[in-house]
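Visitor: One structure coming up, written as structure tokens, with questions to follow.
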Amino acid sequence: MPFSLGQRWISDTESELGLGTVVALEGRMVTLMFPATDENRLFSRTDAPLTRVIFNPGDKAESHEGWSLTVSEVEEKDNLIIYHGIHSETGEQASLRETLLNHNIRFNKPQDRLFAGQIDRLERFGVRYQCQLLRHKLATSDLLGLQGPRVGLIPHQQWIAHEVGRRFAPRVLLADEVGLGKTIEAGLIIHQQLLTGRAERILVIVPDTLRHQWLVEMLRRFNLKFSVFDEDRCIEAYADNDNPFYTEQLVICSLELLRKKKRLEQALDADWDLMVVDEAHHLEWTEDAPSRAYRVVEALSEVVPGVLLLTATPDQLGHQSHFARLRLLDPDRFYDYEAFLKEESSYKDVASAADALASGNKLPDDAINSLTELLSEKDITPSINVIQATDIDPDQQQDARDELLQELLDRHGTGRVLYRNSRASVKGFPTRIFNAYPQAMPSQYVTAARVGAMMNGHLDTQGKVKQALSPEKIYQDFDSNSASWWKFDPRVDWLINFLKENRRKKVLIIASQAETALSLEEALRTREGIQTTVFHEGMSIIERDKAGAYFAQETGGAQALICSEIGSEGRNFQFASQLILFDLPLNPDLLEQRIGRLDRIGQNNDVEIHVPYLEKTAQECLMQWYHKGLNAFEQTCPSGHILFSEFAEPLLDVLINQNDDSLTELLNHTQTRYKELKTVMEQGRDKLLEINSHGGERANKLVQSLAARDEDTQLIGSVIRLWDVIGVEQEDCGENAIVLNPSEHMMFPTYPGLPEDGITVTFDREMALSRDDIALITQEHPIVQTGLDLITSSETGTTSVAVLKNKALPAGTIFLELIYMADASAPKSSQLYRYLPPTPVRILLDKNGNNLSDNVTYESFNKQLSAVNRHIASKLVNASQTILHPLFAKGEEFAEVELKLLADSARAKMTSQLTLELERLEALKAVNPNIRDEELEHIREQMNELNGYLDGCLLQLDAIRLVLVSHA
């Protein structure tokens, strides 16, 4: 390379240094000073990664004094360049020597980089274009937010998330039965709301015992980094903000923290977009005396636009409390309890009509009459005729059924605010096997009970029942050695023998009290050395996590985990299938929660439930009532709370007095009432609610679409090429898994999201679900999104030169491939990306300015190209400049035409979709008060905003590839 003092060059490998000046020439070396960064670099004259900066007529050259020159003539004198042209400030003729050019010049625009000789490798152009296509594909996906989470593709969960997550400020109650995955549904909704920009600030309120579990679950399953707030964290945050809640976007805290007046006031003032409340059945309410917890959540629900309430037992604390939770979601709609009860009484007709539609059979006359009356504002005769016909395609008939079902669901009941799936409507659950083990009552307990009855006559009914169910507690009250009870309790002997006989099986043991759990751990450890661990409310969150992990270890882990009632709430251990109930809770819903720790979706084995009990005691009576009265061990019992409230008095009497005749009578009455309630529930509102909640065939199709995305080999290839170009080390570690590590040769100094010690990843959902230590890679994963951002926000791949070896074309023929990005600046929350996301526009020009892109695809063209080295590429560009300048202008004309087509198409799509949705909701509002005014107004405002953003849509040249035909 011919170097001279004072010449200006730019580094191809360190463009951030700015413009360099040749300051020394010694032998075979050249020294450049970079004034912008005050650094020097020494290069070999023969192979320096440098490009001479020479502007062309028409370019703007900037002086180090701040003014610029529109170049009209380029003069070379003594190997230095002098530019002549028009002064930007005076408008007069002026000259500018290259030594006086602005030191901070950087060539960011693709055409500037091309003419400055900053030319990228051929494959980088392709990777950049693929990155832009991937970003566009994700933004336009109607499944955005559902594919990325590390969760199983379970239809009802995905359906609820799909329906709720797409709404503006959703306000719903998620009330699936235990084990159906409400936390996953909530996480999917949160993930969707964040990815689509519908929400940015999210507050999750959970019981204190579940804070860390939510933190881990959100990170491990959804790649969402929440922060746990307690009083200490709030105090620390004062250093950054007067309101601690403003220091993070995603916050998890306990209800206890918000009971404090100051913290509640700060939370109310924190501009949340979405609030999630777990275990919402703890929010007790009466019209005259709402609980403090309820009032806290109510205050927040009045200022936070979106609200998700999670509860497995919507009626656990009574129907009135269920109404109160609906009231939190929409106080205007659920304003009066009596009116709510009256409306519920009409659900039976709706459910019967829905059942007839869902049956797949011809509709009886009474069902047709009922449907006609319920949907009186619409002529449904054509749909009825299709359903009743005998010569019509079954798929067409099913479409007609689905349409009428949707009309029913939209217009009646709480379908838009309440989702509740039951095990009866969701497949995939194991069989429950119940085993009872009678044990003789120890004489020590008999004596303690007799003494206790004399001394504790003042106890109320609840106190007496509690003592009757836990004789070990009575004994401990009279024995100085409170732990000695396990030395003679036959249930402990049975437990030890069971564990010894089933050494290879993981066993979950649940007892009501933490003290009992600790005593059992001591007994198993000291008497037989059985590896166990405990889990109770007195332990810290980290201690519980360690205990859970120790139990989960297949090799060297604990055989048994002993939990207290409260300590196990919200924790799931479906890798185990043996459940021992050392005692029984006095509440059918708590019993179901215990069994639900193992009996849930994801359980691959039958769940065996073992109940050791003391004969002829309250324990046996309660076990009999649960088993023979409610069938609660072998089946879920949705009516358990109703039966318990109805039979509480005779049940408590039987537990205290243990009268056989009274027990027999109680069991008979309970069985009769159980069957009645089961029949009522089959016929009532629940059927319609479940049809809406599990999604039916639509949910199955949704899951099929997601599964097809998982099998997209094109995505896998694109992501691996992306990591190759960035310089990420990739090492296969078994079938379907890759270890990613940062390398010293990465294109970028840091790769956010890629740990320094590496990460193991897979594209296989099943593997990711079976291995917590392996990340599931989809297009939505942060490590992929970050990689796409690194490429598209940098200059990587913006310029390229290639050779096309094709003897059918004249040698020296030029093609210019231009990639433009059509984009409109708009806040993410506007949802503009649904209609016009950043869109790559490809233009392929021949030397005459003809656009060949419709006839020559990118893939077919790219396969024929070969790379050239950078020095030759730079010479080819310089030799082609006179041809290229008019081609750029021509390319922009073609791109502008494409931009208008894109904008018009986006406007038509937006207007059609939102107008249709607005008209649908306006029609529904006339017959279903669940439609909120805010939803309608939001759509109207959104249409106006989007039209404005589309008017401002712009083009930007993103990448250039110059191609020359060669016969060599």
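Each residue's number is its place along the chain shown, starting with 1.
Cβ atoms here come from the backbone N, Cα and C positions, even for glycine.
Take a look at what Swiss-Prot says about it:
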type	residues	note
DOMAIN	163-332	domain 'Helicase ATP-binding'
BINDING	Asp176, Glu177, Val178, Gly179, Leu180, Gly181, Lys182, Thr183	ATP binding site
MOTIF	278-281	motif 'DEAH box'
DOMAIN	491-641	domain 'Helicase C-terminal'
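In the displayed structure, how are the listed features positioned relative to their neighbours?
Guide: For the domain 'Helicase ATP-binding' (163-332), the model's pLDDT averages out at 90.
Taking DSSP states H, G and I as helix and E and B as strand, the motif 'DEAH box' (278-281) has 2 helix, 0 strand, 2 coil.
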Visitor: Between the binding-site residues Val178, Leu180, where is the Cβ count within 10 Å the lowest?
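Guide: With the binding-site residues Val178, Leu180, fewest surrounding Cβ atoms within 10 Å: Val178.
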Visitor: Suppose we draw a 10 Å sphere around the Cβ of Gly179 (ATP binding site). How many other Cβ atoms does it contain, all chains included?
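Guide: 24, counting other Cβ atoms within 10 Å of Gly179 (ATP binding site).
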